[in-house]
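Only one structure is covered here, and it is reproduced in the block below.
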Amino acid sequence: MNHPTITERLADPAEARESGRRKIEWARQHMPIMTAIAGEFREEQPLDGETVAMAMHVEAKTAVLTEVLAEAGAEVAITGCNPLSTHDDVSAALDAHEAITSYAERGVADEAYYAAIEATLEHGPTITVDDGGDLVMAIHDEYPELIDSIVGGCEETTTGVHRLRAMDDDGALRYPMFAVNDTPMKRLFDNVHGTGEASLSSIAMTTNLSFAGKNVVVAGYGYCGKGVAKKAKGQNAHVIVTEVEPRRALEAHMEGYEVCSMTEAAEKGDIFVTTTGNRDVIVEEHFERMSDGVVLANAGHFNVEIDLDALDDLAVGRTEVRDGIEEFGMADGRRINVLADGRLVNLAAPVALGHPVEVMDQSFGIQAVSVRELVENGDSYGPGVHEVPDELDREVAEIKLEAEGIETDELTDEQADYMDSWQHGT
Ligand code: NAI
C-alpha cells in the first residue's frame with residue numbers, strides 16, 4: 001500500500017513546514033526535560049537501528065518527542081490518534097526531517113485515518129508509541145507478523161491503558177507495553193492540570209463565553225475530572241460533579257462540589273464537560289431536560305461520551321454557529337451546542353492547542369526514557385502491561401526540579417533506616 005505522506009497531500013508544503021517549524025521551536029524552548037534528554041540521546045544514540053511507529057496527537061509538543069527519538073538514532077513513522085487533533089503544518093515540518101515520515105493529516109475520514117495507521121506500520125516498527133491503543137490493536141489484528149521483532153511499546157492515555165489491560169486479561173496482548181499514563185509524573189500533572197487548563201481554555205476560546213457565575217457540570221471525578229472541576233471553580237463557576245464510583249463521588253463532595261446524578265445535573269448545567277473515558281454519559285433523557293443554549297464538550301479520549309446520534313434524532317436542525325460549535329435545534333425551540341463534534345475538546349476544537357507545553361514536557365520525558373528502557377532492557381519484560389520503573393519517573397522529576405531551580409531535602413541515613421524498619425515503635 002502506498003499511502004501519501006502529509007508533504008504529498010499539501011498544496012504548499014514549504015509554507016506549512018515553516019509555520020510548523022516555528023511552533024515546534026517554541027515548544028522545545030519551554031521543554032527543559034526534553035532538552036536534557038535530547039542532549040543525552042544525541043550523544044549516546046540509544047535508539048540506533050530501531051524503528052519507532054507512533055500514533056499520537058500530532059501537534060508541536062508531540063513533534064518534539066518525535067524529533068528527540070529520531071535524534072537518538074531511530075527511524076520514526078508517525079500518524080495521528082484522532083482525525084481532528086493534527087496540525088498539518090507541524091506534521092509537514094516533521095515529514096521534512098530525514099529520519100521521520102509523517103502521515104498525519106487533519107480532518108481525514110475514517111478510511112484514510114486507518115490507512116495512515118497501516119502505512120505507519122509498514123515501516124516495520126521495533127517499538128510502538130500509542131495514545132489510545134490504535135497501533136497495538138492494528139498490529140494484533142492485521143500485522144501479527146510484526147510482533148516477533150517488536151521489543152515493546154508505550155501507551156500515553158487512560159483509555160489506551162484500559163484497552164491494553166483488557167487485552168492482557170484475555171491473554172491477547174503479545175508484547176510488553178509500558179503504562180506511561182499511570183506514572184505519577186504523567187497522571188498527576190497531564191491528566192489533572194493539563195486537561196483542566198487546556199479543556200477550559202479551548203471551551204472559552206471556542207465559545208468566547210465566561211465560566212464565572214455559570215453552572216459547570218463535570219462528568220467523572222477521576223484525574224481529568226478533578227483538574228477540570230478545580231480550574232472551573234478557580235474561574236468562579238459553580239461546579240456540579242456526576243460520578244458512578246462512590247469513593248470518587250464522596251471525594252468531590254468533600255472538596256465542596258455539588259454531586260448529583262446526570263439526570264438532575266442536566267436541568268441545572270450551563271456548560272457540561274465529560275471526562276469519564278466511558279460511553280453514553282450524556283444521552284437522550286438528559287438532552288430533553290437541558291436549558292436553551294447549553295454547551296456540551298467532551299475531554300475523554302473517544303467521542304462516545306455524548307450520544308450525538310440520539311441528539312441528532314431529537315434535533316429539527318443542525319447549524320454550525322461558530323467555528324467548532326454545532327447547534328442542535330430542538331422542536332421546542334431550545335438550542336444545544338456541541339463543541340468539536342464531541343471529540344476531546346482540548347485537542348480537536350479548531351483553536352485547540354492541547355495541553356500546556358510544560359505539562360507535556362513531563363509526559364513526553366517519561367515516554368522518552370521508557371522507550372530507552374525498552375531498548376536497553378526490553379528482554380526482561382514479558383508480553384503484557386508493565387508499570388514504568390519508578391526510578392525512571394524519579395529521574396524525570398529530578399531533571400524538572402533542577403531546571404526550575406527547586407531544591408529538595410534528602411533523607412539522612414538515619415531517616416532512611418527509620419523509614420525502612422519495622423522495629424522502631426514508641
Ligand atoms: P479515571 O479513571 O481517573 O477517571 C474516570 C472517572 O469517570 C472515574 O472516576 C469513573 O468512576 C468515572 N465514570 C465512569 N463512567 C462514568 C459515568 N457514566 N458517569 C460519571 N462518571 C463516570 O480516568 P482519567 O485519567 O481521568 O481519564 C479520563 C478520560 O480522559 C480517559 O478517556 C483518558 O484517556 C482521557 N484523557 C484525556 C486527556 C485530554 O487531553 N483530554 C488527557 C488525559 C486523559
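In case you wondered, yes, glycine gets a Cβ from its N, Cα and C as well.
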Cross-ref TrEMBL: substrate site Asp131, Lys186, Asp190; candidate in list Glu98, Glu105, Glu156 matching that site is Glu156
Hits among Asp131, Glu156, Lys186, Gly300, i.e. binding-site residues with CB under 6 Å from ligand 1, come out as Gly300
One should report the C-alpha separation between His355 (NAD(+) binding site) and Lys186 (substrate binding site), rounded to whole angstrom, as 12
Within 8 Å of the Cβ centroid of Asp131, Glu156, Lys186, Asp190, the other same-chain residues by Cβ around the recorded substrate site are Thr157, Val180, Asn181, Asn191, Ser363, Gln367
Comparing local Cβ density (other Cβ atoms within 10 Å) for the binding-site residues Asp131, Glu243 points to Asp131
Filtered by Cβ under 8 Å and at least 6 apart in sequence, the residues in the chain of Asp190 (substrate binding site) near it are His355, Val359, Met360, Gln362, Ser363
The DSSP breakdown of the region 'Disordered' (407-426) into helix, strand and coil residues is 8 helix, 0 strand, 12 coil
With the fewest other Cβ atoms within 10 Å, the residue among the binding-site residues Gly222, Gly225, Gly300 is Gly222
